[in-house]
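Pulled from TrEMBL:
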type	residues	note
SIGNAL	1-22	signal peptide
DOMAIN	23-320	domain 'Plant heme peroxidase family profile'
DISULFID	Cys33-Cys114	disulfide bond
SITE	Arg60	site 'Transition state stabilizer'
ACT_SITE	His64	active site, proton acceptor
BINDING	Asp65, Val68, Gly70, Asp72, Ser74, Glu86	Ca(2+) 1 binding site
DISULFID	Cys66-Cys71	disulfide bond
DISULFID	Cys120-Cys316	disulfide bond
BINDING	Pro162	substrate binding site
BINDING	His192	heme b binding site
BINDING	Thr193, Asp240, Thr243, Asp248	Ca(2+) 2 binding site
DISULFID	Cys199-Cys227	disulfide bond
Amino acid sequence: MARWSSCMALLVLAVAAQLVAADLSPGYYGSSCPSLESVVRGVVTQKMDDTIRTIGSTIRLFFHDCFVEGCDASVLIRSTPGSPTEMDADDNKSLAFEGYETVRIAKEAVEAACPDLVSCADILTIATRDAIALSGGPFYPVELGRLDGLSSTASSVAGKLPQPTSTLNQMVAMFRAHGLNMSDIVALSAAHTVGLAHCGKFRERVYGSPADATLNPKYAAFLRTKCPADGSSDPMVLMDQATPALFDNQYYRNLQDGGGLLASDQLLYNDNRTRPLVNAWANSTAAFSRGFVAAMVKLGRVGVKSGSDGNIRKQCDVFN
């Protein structure tokens, strides 16, 4: 009976997600703001010209937003005295300025073209797609029509985001809560083909007693030149040393060579349940692109706000 109840609960969640997703459409702003996507793409292009950090920071911002209270731009809200928001939760303090700045500037540009029509949640969704496509990844139609969330609290973040030391079972449980499966874990983890990570996220793999045996020895030696053993500083390291500015399937080839930077990356190759997909996507850009796009579309449907549960903010970092 308990197993049946659990299955029914998952079914109800899946149906609810489909009903919410049914309100989303790639052509949602087709008549009300036809220039929307070109406006956002122009901003993302300029920010990428300024720094490659725009790519990884924007993608990561989208993921952190959707995994906590859904894709509702709640991660963009700034804290006020006595009311810390998601932005200042421990797991979000490493989110880079460039991601926030890209969305802020895009929102200003969109407001100038189409005032009071487009949510920050949709702008973040478009900007993420563009950061991926403009850096060599797949271009795909984005479903639009989200509203911005009405709440954002730091306390809501704990336990909602994968950690660098998460086990595969822990990630499966976390993703499953959002209607995502093991294939989606492998696909979405490829976002680590761009961006940077602080040494503190992987220092134990390099200097632990013993050091992580799954880490390529040459790669470990390289990381020791970048990260002090005593933790006296916490510099950042490119997550993909081979093609750091390209969104590609090099991530999976790195895993095959013991070159996953985070332990939670490398385990995707080490675990028999996910290794076949890592190998398949390492060998086929087309197959990887299909799997990644499918996962991103599913992620973009998580916790979408509609009706009285949301609104359209005038400014992305403050509530109306």
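The backbone N, Cα and C atoms fix where each Cβ goes, glycine too.
Note that TrEMBL annotation is computational and uncurated.
The structure, with features from TrEMBL marked on it.
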| residue | record | Cβ within 10 Å |
| --- | --- | --- |
| Cys33 | disulfide bond | 18 |
| Arg60 | site 'Transition state stabilizer' | 20 |
| Cys66 | disulfide bond | 28 |
| Cys71 | disulfide bond | 28 |
| Cys114 | disulfide bond | 16 |
| Pro162 | substrate binding site | 19 |
| Cys199 | disulfide bond | 19 |
| Asp240 | Ca(2+) 2 binding site | 24 |
| Thr243 | Ca(2+) 2 binding site | 18 |
| Cys316 | disulfide bond | 22 |
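Taking all protein chains in view, 26 other C-beta atoms sit within 10 angstroms of the C-beta of Val68 (Ca(2+) 1 binding site). Sequence-distant contacts (6 or more apart, same chain, Cβ under 8 Å) of Ser74 (Ca(2+) 1 binding site) comprise Asp65, Val68, Thr85, Glu86, Asp148, Gly149, Ser151, Ser152.
Calculated from their C-alpha atoms, the gap between Cys66 (disulfide bond) and Asp72 (Ca(2+) 1 binding site) amounts to 7 Å. Relative to His192 (heme b binding site), the recorded positions with Cα atoms inside 10 Å are Arg60, the candidates having been Arg60, His64, Asp72, Cys114, Cys199, Cys316.
Residue density at Asp248 (Ca(2+) 2 binding site): 20 other Cβ atoms are found within 10 A of its Cβ, drawing on all protein chains shown. Around Gly70 (Ca(2+) 1 binding site), a 10 Å sphere centred on its CB holds 22 further CB atoms from the protein chains shown. For Cys33 (disulfide bond), the spatially nearest entry among the recorded positions Cys120, Pro162, Cys199, Cys316 is Cys120, judged by CA separation. Ranked by how many other Cβ atoms sit within 10 Å of their Cβ, the disulfide-bonded residues Cys120, Cys227 place Cys227 at the bottom.
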